Amino acid sequence: MERVKKVGIIGAGHVGSTLAYILSANTPYEIVLQDKDKDRARGMLLDMFQASCVGPKFTKLGVIADPKDLKGCDLIVIAAGSPRLPGMSRNDLLFANAKVISEICKDIKENSPEAILLLVTNPLDAMVYTALRETGFKHKQILGMAGVLDSARMASFIYEKLKCAPGQIVAPVMGGHGDDMVPLARFSSVNGVPLNELLSQEEIQEVIERTKNAGAEIVSCLKKGSAYFAPARATAEMVIAIMSDSRKILPSAVYLNGEYGYKDVVGGVPVELGINGVERIVELQLNQEEKAHFDRSIQSVEALINELKTNYFK
Ligand SMILES: NC(=O)c1ccc[n+]([C@@H]2O[C@H](COP(=O)([O-])OP(=O)(O)OC[C@H]3O[C@@H](n4cnc5c(N)ncnc54)[C@H](O)[C@@H]3O)[C@@H](O)[C@H]2O)c1
């Protein structure tokens, strides 16, 4: 019988606990949860286990009380750290969350050096870079979730305009997970029908602008905290794609080593996901305008990484 896969989730806040719940309800994986607030992790775990006992299917859930409990994890999601508040950009979290990632990476390096790491904490691309630097793990072993979420958001805004074709909209978003992310209208389609045959240029521009501001729109409604249902579901999609060795191509934040003309930086690009994490980076042929947007976006990530190199990494 195949060994049950073990998924660690560090950060049992809004995103981490919702992710744990989605995985517990939909997969056979053993799930272990950790939070610096140990009571919170325990409370979430009890509630989730009781939820799993409503039906006939039990889920194996545990709390990470000691870093040694990370041993044996096949994949670890890091969703620990502060979310942004109204008026804050994702980048305002840079140094505070880098410290959180560094602490967590030390424990992972000691106890689960073979695990795939999937980061959610913002500013996402810079946190993936921090994890690579602090663990020294292989590039293919560490990636970040943002593009799946941004693409779902773009699809939701296209659906609002079309009022049809639920589940058939593909709308890829590339670049860094920041204000200058790159929604790719030219590569968007509805079951093969190009987007520009269904919406006017003005409507497409509205979709693009709303996609870029989608996170901030929710932050301003919630007043405290940021979005978590769609982020958790997008993360679950990536966890399952990796753990099932699906070879799905999903936008993911990964280390670029010459791809798209960039080195030593992290950015969101289409990636084939499998049991080793990043199986292959797909290079799209961007036109001049798309490439210029992508360059701007990656340069913003480079600026954050340079901040970390100058003022944070020892
Ligand atoms: N990549 C994306 O697309 C995306 C989407 C949504 C949220 N996020 C980011 O995910 C992170 C979590 O968001 P949230 O809404 O769940 O926040 P939250 O405040 O609800 O939860 C964060 C949790 O992390 C815990 N924590 C802090 N430091 C820790 C440490 N050293 N070890 C273990 N746990 C620790 C806190 O106790 C808290 O429970 C934020 O940085 C947010 O910006 C990213």
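Residue positions begin at 1 at the first shown residue.
Here the Cβ of each residue, glycine as well, is placed from N, Cα and C on the backbone.
Residues or ranges marked as domain 'Lactate/malate dehydrogenase N-terminal' in TrEMBL: 6-144. The residues of the domain 'Lactate/malate dehydrogenase N-terminal' (6-144), classed with DSSP into helix (H, G, I), strand (E, B) and coil, number 69 helix, 24 strand, 46 coil.
The number of other CB atoms found within 10 A of the CB of G11 (NAD(+) binding site), across every protein chain shown, is 24. Residues or ranges marked as NAD(+) binding site by TrEMBL: G11, A12, G13, H14, V15, G16, D35, N97, V120, T121, N122.
Using a 10 Å Cβ-Cβ cutoff, R153 (substrate binding site) registers 26 neighbours. R153 (substrate binding site) carries a helical DSSP state (H, G or I). The substrate binding site feature in TrEMBL is assigned to R84, R90, N122, R153.
The domain 'Lactate/malate dehydrogenase C-terminal' annotation in TrEMBL covers 149-308.
As annotated by TrEMBL, active site, proton acceptor applies to H177. In this structure, H177 (active site, proton acceptor) belongs to neither helix nor strand by DSSP; it is coil. The Cβ of H177 (active site, proton acceptor) lies under 8 Å from the Cβ of R90, N122, P123, L124, D125, G144, A146, G147, D150, A253, G268, each of which sits 6+ residues away along the same chain.
In this structure, R84 is the one among the binding-site residues R84, N122 with the smallest number of other Cβ atoms inside 10 Å of its Cβ. Per-residue confidence over the domain 'Lactate/malate dehydrogenase C-terminal' (149-308) averages out at a pLDDT of 97.
Looking at the residues that bind NAD(+) per the record, G11, A12, G13, H14, V15, G16, D35, N97, V120, T121, N122, the two CA atoms farthest apart are separated by 17 Å. Apart from R84, R90, N122, R153, the substrate site neighbourhood in this chain, defined by C-beta within 8 angstroms of the site C-beta centre, holds P83, S89, P123, L124, H177, G178, G215, A216, V219, S226.
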